[in-house]
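Participant: Here it is, the structure, as structure tokens.
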């Protein structure tokens, strides 16, 4: 695979895609000002990818059925994610991450949130969505390759894992008898964060399919960045810090369970030499 150059003719399409995402997040920011809840920015994370890809599809000349199918797969992921986030957020107040930012920002947080929260996420989203854009601009004449097939298979596997993990966790949390307890059954017996693993896996599927469509390694940068964010920045580190502070049984579970890739506890202990 090679890295394609970016023809100047792509400029208007890229600008239109970027502008659409910025407009979407600005509109959500305006709603956030009214309801004083920045958590709603998470609701448009999935739809933002679909919007970026759809604008690319409408403004670029090259559209293959495989590229359109990839956009459809992303739309399926986005719908599931949005429904999950909306259901989880109902009645729970502002997400602790944004509440802490609001308390630290004081009376002017609502204004600074436009660029520090909403536009920042919009820019990150657009950059991560470039594999979708590339799928329409640099689509090869015969796009069905082993990489494309493997990519869709990885996407399907990741979506199933993420969906099952989210459902298991939601069911656990709804039971008042589990208040203050860790979920260590189901997928969570094999991974401390199977939902994040599923998310990363499906994005590797999207990146691999896009790489197969474009005959380029460029789309693989997106899942690489997403995996790094989940492992080292906004995913596992934030969750585990909260769990370590609030769950007395967290240390034992952490020692016995893989942090990311699902595997039997015995195998995890063997890999760690314990």
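For all residues, glycine too, the Cβ spot is worked out from N, Cα and C.
Not my notes, these are from TrEMBL:
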- 12-31: transmembrane segment (TRANSMEM)
- 43-60: transmembrane segment (TRANSMEM)
- 66-87: transmembrane segment (TRANSMEM)
- 117-138: transmembrane segment (TRANSMEM)
- 144-165: transmembrane segment (TRANSMEM)
- 196-214: transmembrane segment (TRANSMEM)
- 220-239: transmembrane segment (TRANSMEM)
Participant: Residues of the same chain, at least six outside the transmembrane segment (144-165), with any C-beta under 8 angstroms of its C-beta?
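Facilitator: For the transmembrane segment (144-165), the far contacts come to 66, 69-70, 73, 76-77, 80, 186-188, 194-195, 197-213, 262.
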Participant: Same-chain Cβ contacts of the transmembrane segment (220-239) under 8 Å, 6 or more residues past its ends?
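Facilitator: For the transmembrane segment (220-239), the sequence-distant neighbours (Cβ-Cβ under 8 Å, at least 6 residues beyond its ends) are 97, 127-131, 192-193, 196, 199-200, 203-204, 206-208, 210-211, 259-260.
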